[in-house]
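As annotated by Swiss-Prot, domain 'SF3 helicase' applies to 450-621, with the evidence given as sequence analysis. Marked as ATP binding site by Swiss-Prot on the basis of sequence analysis: GLY482, ALA483, SER484, ARG485, VAL486, GLY487, LYS488, THR489. The annotation transmembrane segment is assigned in Swiss-Prot to 885-905. Taken from Swiss-Prot, the feature O-(5'-phospho-RNA)-serine applies to SER909, supported by similarity to another entry. The domain 'Peptidase C3' feature in Swiss-Prot is assigned to 936-1141. Under the heading active site, for picornain 3C-like protease activity, Swiss-Prot lists HIS976, GLU1013, CYS1104, citing sequence analysis as support. Marked as domain 'RdRp catalytic' by Swiss-Prot: 1419-1549.
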Amino acid sequence: MKFFAGQTVMDVLQHVSSPTTNLRLLSYCNLKKEEDGKMMLAIKEQRHRRLLTLSYGAMCFQFSNSVGDEGIEVDDDELMFEIFDALLRTKISNSKGMTHLYSWMRGVYLSTFKVEVQCDDYNSNLLEKDLAGEAQGLSQFVSGLADWIPSRVKTLAGYAAEGIIEAFKKHFDKLLVEYCPMAVAACSWITTVWTTIKEWVQSAMDAMSWIMAGCTELISWGMCVIAGSCALSLLEKALVAMGLISSSFDLAGIFVRSAVVGAFCLTVVNKRSRNCAELLQLVSLAVGAVSSATSSCFQSPVGQATDVSAESQSGGVEMLESLAKNLTNFCDGTLVSIGKTCNAVNSINTAAGTIKNLVGRLLSMLSNFAYKLLGLESTFLRDASVVFSENVDGWLKQISWCQDQFLAKAYINQDELMVLRSLITRGEVMQREMIMGGMKVSPTVCGLINKGCTDLAKLMAGAVMHGTSGTRKIPFVVYAHGASRVGKTMVINRLIEDFRKELELGEDCVYPRNVVDDYWSGYKRQPIVVIDDFGAVSSDPSAEAQLIPLISSAPYPLNMADLSEKGMHFDSAIVMCSSNFIECSPESKVRDEMAFRNRRHVLFTVSLDPNIPYDGDDITKNQIYEIKTWFHDSYHVEATFTSYGDLLAYCKNKWVEHNTEQEANLKQLGVKKESVAFQQFRSILDLAVFVNQDAENFKQRLETPDGRCHFVSCYDKSGILRHYTIDATGDVQEMEKVDSSLDDILLEKTNKMVLAAYKMIKYHKDTNLVIKTQLADLVDPTKYTADFQFDGVIGSPLFSSQVMPSVKALPLWQRMVLYTVGQNLGRTHSSWYEGIKDKCMLALSKAYSTEIKDWPVALKIVVGVILATVAGKAFWRFYASMADAGNGGHFVGAVASAFAGSQAVVAQSRKPNRFDVAQYRYRNIPLRKRNWAEGQMSLDQSTMLIMEKCKANFVFSNISCQIVMLPGRQFLCYKHVFASLNSPMYVDIYTANKKYKLYYKPQNRVYFETDSEIMLYKDASLEDIPASCWDLFCFDAEKSLPRGSFPAEILSCKLDRTTNQHIPEWADISARTVNQKLDVEFGEYQTIFYSYLQYDVSTKAEDCGSLIIATIDGRKKIIGIHTAGRANRSGFASYMPQVEIPVQAQAAEKFFDFLEKEQHVTEGIGKVGNLKKGVWVPLPTKTNLVETPKEWHLGTEKTKEPSILSSTDLRLGDKQYDPFVGGIQKYAEPMGILDDEVLRHVATDIVEEWFDCVDPQEDTFEEVDLQVAINGLEGMEYMERVPMATSEGFPHILTRKSGEKGKGRFVYGDGEIFDLIPGTSVHEAYLTLEETCADTVPALVGIECPKDEKLPLRKIYEKPKTRCFTVLPMEYNLVVRRKFLKFVVFIMKNRHRLSCQVGINPYGMEWSRLAMSLLEKGNNILCCDYSSFDGLLTKQVMHLMSEMINELCGGSSRLKQQRTNLLMACCSRYALCKGEVWRVECGIPSGFPLTVICNSIFNELLVRYSYIKICQQARVPATITYGFSTFVKMVTYGDDNLLSVQSAITHVFDGTKLKEFLKLNGITITDGKDKTSPVLNFRNLEDCDFLKRGFKKESDVVWVGPEEKESLWAQLHYVTTNNLEKHEAYLVNVVNVIRELYLHDPREAAELRRKAIQNVDFLKENPKDLPTMAAIKEFYNMQRQQQFVDSNDNLDSLLNPDFLFVAPHRKMHEAEMELVPKWYLRDLGKAPINVLTGEADRICVLVNASIPDHLLPEKVVNISWPYGPGRGGLPTHGWAQANLYNPNSAVVKKLRTLVNQNPDDRVDICFRHDAVPVAIATIIFLVHLGKVKGRSANEYLTKIIDSAKSLKFLPKECDIIF
């Protein structure tokens, strides 16, 4: 077929429709190739034959339109089977189908026939008919441009770069005006594109420096193709945005495919190249990559064909990768490995070096391709591939940097020397490659590399002789020890080789030291020194003695044989030794052997494994390496390695640690003092000026009265000439009114003087080298201010900071001389790199431009595209900004301003926005509107609430994923990322108010049964959000949303890597529901959507996880989560999956009004809301402590007062203090995250100790039943009943009525056995919690309540501080007791073997046992006290503690999960502070049943963790590091602890180190005895306290623990009268004080007893109420003989009515006993009764039972009384007078009524406790009722009194009987 200019359409059609062509097409279709994909095979099928014919015709018309005047002729077979085949393959792909083929065909036929060509059904989805008209103008314009380019190829090939751009511009503008005037009118910026492209070309040239010399034409081709495609895509998108056209026509695709490919075809066919098909495919690959990148990025969001796949974004790196992958398969088969490189680029954050390496490989492939296919040997391609692959430019810059460092300091330290040696090694490798022929480069580049190597050698020669004589890094020593013939030398040599490779050093970087040689012959500061057979031969000085000064930071001059090397200092970085000896020789004359031992940083012993034979290929295969450290008089094996790899890794890690430590040490030594060099400089400067002042000046000085003469004349900063005089003292003054005719004379005199001065300073033998090298900076006039102050930098910043004070201290006249010198010299500093670069550019420019001129255009385009891609930084910045510009009007403005440059004038003010008045902030950053958003940003409260509560980010490494928080400690995420996160790791969770750590566990992921792209993650460590947030989600969006489109919003928060902040964004969108197939891809991940939301807006990478919000039933709700995007024009969201909403046990959140934005947020707390109006929580505001009369104080000092319970307490005066705020603030700052590996090691050790205490027969850890949880077990130590008088918690407290008490109103029982009352709020909440706590962490609400206690006066008047405790809900406490009661029993029972001392009896022998156990380790004891211990615990530690307890207790997986969730709930809860609601995310609440146990375990974990970390830092042997129990004895009780430390390790582990280490983790610890002390020192045991008790030794075996006296006196000043009368409460206290004082001194106790009897009236009457000293002594003797448990934390709890003064049980032998006819005493322990139903035939009188009155049956009465002290179980005197002795009391009346109504029924007096007081009360009631006569009662009671002495008060009180 012949193509020629002026060819008619009929000529081409005749060829296309000829039978011969049809036959060839049939043959082509039948020709199947291996590389044919499914689309190529499809188009060759019979049914697609017409499409194939149209494609072939389009190609022929393209050729016909592209030929020049001379015409071309192509063989028909070649045209069909090679050129057409290659063309088809470039336009058809499996992923895009035939989309590109349609676009190209449409453009060609539009250009040829000026009409739209229909291709049957193939383009029905591609182009709607009504768009043809408006598209025509644009299509004609592009086709015209495409037709023009081929006809100009010949001419363009000879143009300069400027000509290429101008030619493009000229025709581009002409066609625009002719075919598409609306584009010019609407988008005037399109005509300025080419000016911008010129700037980009220049920018690219500057970026690539010398290697681009002569390549402007290539860059121009590349930039024109890339930027032209980009501009056309932008133009088209802008016209769509402005409404001028309604859809995209892929202008960029038509442009690059038709124009550039056509130009190429013309060239190759003209030259009759036999490889035209290959070249066609090559250039098509290149321009295809460009087209797909630009058009996909800037596609218009409307009018597109429906696509069935979602894609990622494109950019520069992606373009290169695409090109590389295609070229890999296409070019030389031996270069397939490049594909792996390209894939690797995806998996890393692309760095410049990686891109350069990729470009180098691409150019290398093209070089091979050009040579093999075209016979073209390209110098430029070879040079460029080497320069990019080896980063020659970076290598040269590093050489220049080394030279600058040497000149700046006149020396090079060892680190810089190692860089220098590494550069030499790289240079030698490149030289070797060039010599061996592996690297072919031009002579200029070869000379450049040789020049670099030569100058490096010169620099090295000078550098090795100029080391630092100051402080240096201590060398790193590896010392291999072992018997002879075990391979020590071989393993050391292998270590040297591996270290050399690691540091990129050459083979000459190792110096073998012979210790027998007196001189260091051949030492050139090699970084590695090896000493083989260390100490094997005797020498003087010995090898050991020589090593000590070498391995030091002090300077060490060497003994050199050559005079020229004298003064060299040792500063090698690494010393490797092998030796048969591990210790110093006795003859070594080393006086301090520790000095030698400490100089070996890695010491290992080599031995052979007898079970593994020697292997010549791997001599280390049968070696064993034992890492050893010296500690406490012996060597300890720290680790044993059986493989060399492990040893190498260990050595490398130690090397890094050592290097880091040495760098930190050197940084601390920066002392600023005047350099000796500057002292010299100042004296030489004085001398220079003196010598060079002419005789006339000195004569003037002598003759003038003030000795003043002309000094210098110079131009100031404004260019004005000024003259100055000077006197003998050096005072300088400006001369005024100088005759201008003298200017030249004075200037000449000045010039002579200052130039002579400069030469003298420069060449004077005494001028320091540093000054000489930095003189250019000192005389630079631009670095001086108008008053001659120096304000520049001298050399390196470090050097400048050291000498700047000296420069500024120079006298004014000296600074003026330096300034004037610089003016006269006018020098500029040029680096070594700049010098060689300029020379190289001159040589390369001509060679490259000559060569490139003759290249085929195809090669120019491909290479130009690659170079423009890697070098066009300015273009890619523009590209990125446009990719983010969105759609619509914002996009049009962004493009116009980007291309307009400085021509456009932009208004500086902006339209006011009503939203700006109170702009919503998220994470303290204003929410911004997306560029393409159309609506005005006006967010309502529900939208803000969604952002605040539900939006979060999951951050790991440098990746930030958006997630959606749900109530119940869970979040929603997307599969395509989270399904691949299969390893546990620490991540950061960023919420609206804070950031916190989460230990991510893959097993916590939950997949939904549906094919949802969304997945769920649950974790107890997540911070919860309010349950009310469930209302913000729409889980049935498909049903709730309208059909078709509806308005919605998209909310996102993505990481801005420039500012490293998460930026919140909002936009309005139009969404629609779609039900059709959508393929989604992410790397290798693939999935299919069948039902989703779609919105046609510009979404981009990292948008996944954004919230889609719409209005449902009048309220904003989350309807979906963005999970995919397509071509920067469409977004897709998955519907919210159906998440099970957990039931809340408390349902407490309904009482809260949540704030829209949290307040007062810290890491641990944040205020989230307030109690709703009308909700009030009763809290104590007045103390229950009553002050006693002064005479009852017994002369003791008042040291304590009741705590402050409210902010209105009068004792506060003017101080602003709220105890509630103070209580919540202790949780504000929890401690930091701990090293998980070490923490788990500690936990494992503790659990092992627990298992050691387990008795399999007795210790079972199953959960107990509810009754046991409430009542405890009778006779079972440590399992007491729940205190019934304490608060029931929230929200149950809201229903409490006046007179009702706490938990007691929710239980019923007979006084001994209690149960929950069915149907109450507590009972229902208990059932719900039991059911749900295995599945979710319960939402816990606690009431913060100030503690009513006695505090030191300083905490009242000086710095008020009231402790708060937390009241937790009753049902939570009951469930916790059920799950953990057996564990608590176990810990308390084994306190003699464990650290936790909860339950210890301080009066018995346990205190002695405690003291003796501490003294076993010695008498070095740390007595510690924590600050705000309650708020320190983090979720990390709490979760670990749950794992520890589960490990010990076992049980089903459900029970284990229940335990974990219950524990996690208490350190992530709500706290009520008066009317405020706070979120608390750390700490253990004090009202938690396990508080003291958990605090004790936490205390132990902290100390043991600190011990290991401190030992690791001290590098002690592993046997010590992991031997805590061997070297330390620790006891804990909550936050109290004592540590007894063995003397052997007190230098490693002491109070100072413990205090400093804990401080690093946010924990403050002080001396427990003296809390104001700034230090924590060891104490003797007698000087310590524990539980506010001291240690006093009474004998060798007995220690007592007296309570501190300040606490004792307070008991005499204040008493608690909750359950007792005042004098009874005081009696309890005074007895306790006398007992405690007895432990201090029996004489003091006896004296206090006497004072009490003398001063207290009621004690005068009954002195026997106070125990005598003998009785107290007997009390302690009795205590020491028994193992009593003390389960109460303090004395005040002893006054609890549940435990108070119950006499030893005097039970009846039988279940019943008849007192009088029909009146029986009944022991419920033997004959129980159902108290809720009673018994039909009798009246039941329950004594001291607990049952609400409204639940009592008709014939059941309950009588409860408060116990009185010392009254034998009878009620208090006051209650007895009112109810027992009074015949008309309410109790007596109630009994009388019942008996009268049921005269035939028997009466059972039912009781559970002591029968005696019940019998007494019954007798008295019988007297009142007339059933017993007074005389009979008298006799009966008298018998009882005779057997119970405590009842002798009865005759005085009960006068109705006695």
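Glycine is treated like the rest: Cβ placed from N, Cα and C.
Locations of recorded Swiss-Prot features on the structure.
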| residue | record | CB count, 10 Å |
| --- | --- | --- |
| GLY482 | ATP binding site | 22 |
| SER484 | ATP binding site | 8 |
| ARG485 | ATP binding site | 8 |
| VAL486 | ATP binding site | 19 |
| GLY487 | ATP binding site | 20 |
| LYS488 | ATP binding site | 25 |
| THR489 | ATP binding site | 15 |
| HIS976 | active site, for picornain 3C-like protease activity | 18 |
| GLU1013 | active site, for picornain 3C-like protease activity | 26 |
| CYS1104 | active site, for picornain 3C-like protease activity | 25 |
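ALA483 (ATP binding site): 11 other CB atoms within 10 A of its CB, across all protein chains. Within 10 Å of GLU1013 (active site, for picornain 3C-like protease activity), counting C-alpha to C-alpha distances, fall none of the binding-site residues GLY482, VAL486, LYS488.
GLY482 (ATP binding site) sits 55 Å from HIS976 (active site, for picornain 3C-like protease activity), taking the C-alpha atoms as the reference points. Summarised by DSSP class, the composition of the domain 'RdRp catalytic' (1419-1549) is 67 helix, 28 strand, 36 coil. A separation of roughly 10 Å, to the nearest angstrom, links the Cα atoms of CYS1104 (active site, for picornain 3C-like protease activity) and HIS976 (active site, for picornain 3C-like protease activity).
It is 57 Å from the Cα atom of ARG485 (ATP binding site) to that of HIS976 (active site, for picornain 3C-like protease activity).
ARG485 (ATP binding site) falls within neither a helix nor a strand when secondary structure is assigned with DSSP, and so counts as coil. Cα to Cα, ALA483 (ATP binding site) and HIS976 (active site, for picornain 3C-like protease activity) are separated by 57 Å. The Cβ centroid of GLY482, ALA483, SER484, ARG485, VAL486, GLY487, LYS488, THR489 marks the ATP site; residues of that chain outside this set whose Cβ lies within 8 Å of it are SER578, ASN580, VAL606, given in sequence order.
Counting only the Cα atoms, the space from HIS976 (active site, for picornain 3C-like protease activity) to SER484 (ATP binding site) is about 59 angstrom. The DSSP secondary structure for HIS976 (active site, for picornain 3C-like protease activity) is helix.
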